[in-house]
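Colleague: Per Swiss-Prot, transmembrane segment is recorded for 2-22, 71-91, 104-124, 148-168, 173-193, 224-244, 255-275, 295-315, and the stated evidence type is sequence analysis.
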Amino acid sequence: MLVMLTSTLILVLMVLLAVAFLTMVERKTLGYMQLRKGPNVVGFMGLLQPIADGVKLFLKEPVWPTAASPALFIAAPIMALTLALSLWMFIPMPQSISTINLTLLVILAISSLSVYASLGSGWASNSKYALIGALRAVAQTISYEVSLGLILLCLIILTGGFSLQAFIYTQEHTWFLLSSWPLAAMWFVSTLAETNRTPFDLTEGESELVSGFNVEYAGGPFALFFLAEYSNILFMNTLTAIMFLGPLGPNNLNILPIINVMMKATPLIILFLWIRASYPRFRYDQLMHLMWKNFLPLNLALFTLQLSLAVSLGGAGVPQM
């Protein structure tokens, strides 16, 4: 019990530290892509800027609108960060803190619960801009989770199991990125939409909604939403690295698995930042059109194809119930 608590605490601290420096990397990347410096004053080359930002936000007085619902207004960001951090318990590095066989289903279920934090914050703010942003976030998240779920089903047929360890063992000789690149492309775009990142950041369209569902937040509660968002970005890219870029070769679980995953997740995270600097925001109807009229039929077709291939080849790879 004590070992599990210690492992959980270390994991949470490492994730929060990684999130802090991801914000600095993002600001520096955007700065250089826009021909400017970015943060470069606090510490050596601005390395301490995220620490200064965090201290500043948490020292500010938490304020909320007079008409807001205080309990839910404070509970929503806490719930968002708790759900975002709890997802990391299932990442094998090389062993996950929580060892269950239905890892992917639990990850999908916990990520689905994040819509309650968004909706609760928008409703509790008692602001029409926050509520519209929250409703957009809920519709977008639920829509693209359909795509994520179907892609996971296709990959589960190939691995024969619901755990991330099964993905690692299956990719000993070749990556799923090479054999299932259409699924990988749709998965990556869906993770952009799932984490509300550019070009799918309709929930915080500045010209329409000021800042989306967290428009009324300031200080510590706003920082919690910020940490939850970037923790989800790190988690989704780490999950992508494990699912599509699994370690190659025998005995792969013993060869510095954390370094292996980090080396593969880092380019994906940089790609997230590159996309933010390069692409404009979609219209809301284009966002939904992409999911329901493009991704969904293609996912269903690929799922049917892979299921029929697995059955026709003697049931190889089909999960045993």
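Positions of Cβ are set from backbone N, Cα and C atoms, glycine also.
Can you walk me through where each of these features ends up in the structure?
Modeller: Through the fold, the transmembrane segment (71-91) approaches residues 8, 11-12, 15, 62, 64, 97-98, 100, 103, 106-107, 110-111, 113-114, 116-118, 120-121, 123-125, 164, 214, 216-217, 221-222, 224-225, 227-229, 231-232, 235, 238-239, 242, 261 of its own chain, all at least 6 residues removed from its boundaries and within a Cβ separation under 8 Å.
Same-chain residues lying 6+ beyond the ends of the transmembrane segment (104-124) with a Cβ under 8 Å from its Cβ atoms: 68-69, 72-73, 75-77, 79-80, 83-84, 86-87, 90, 130-135, 137-138, 141-142, 145, 148-149, 152, 156, 162-164, 194, 203, 213-214, 217, 225, 228, 232, 239.
Same-chain residues lying 6 or more positions outside the transmembrane segment (148-168) and placing a CB less than 8 Å from one of its CB atoms are 90-92, 96, 100-105, 108, 176, 179-180, 183, 186-187, 190-191, 194, 239, 242-243, 246-247, 252-253, 296, 299-300, 302-303, 306-307, 310, 317-320.
For the transmembrane segment (173-193), the residues of the chain that approach it from at least six positions outside its boundaries are 140-141, 143-144, 147-148, 151, 154-155, 158, 167, 199-200, 236-237, 240, 243-246, 248, 268, 271-272, 275, 287, 290-291, 295, 298-299, 302, judged by C-beta separation under 8 angstroms.
Long-range neighbours of the transmembrane segment (224-244) within the same chain, counting only residues 6 or more positions beyond its ends whose Cβ lies under 8 Å from a Cβ of the stretch, are 15-16, 18-19, 22-23, 77-78, 80-81, 83-85, 87-88, 91-92, 107, 111, 114, 117, 121, 155, 164, 167-168, 175-177, 180, 184, 187-188, 191, 194-197, 214, 217, 261, 264-265, 268-269, 272.
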Colleague: Which sequence-distant residues neighbour the transmembrane segment (295-315)? Criterion: at least 6 residues beyond either end, Cβ under 8 Å.
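Modeller: Sequence-remote neighbours of the transmembrane segment (295-315) are 146-147, 150-151, 153-154, 157-158, 182-183, 186, 189-190.
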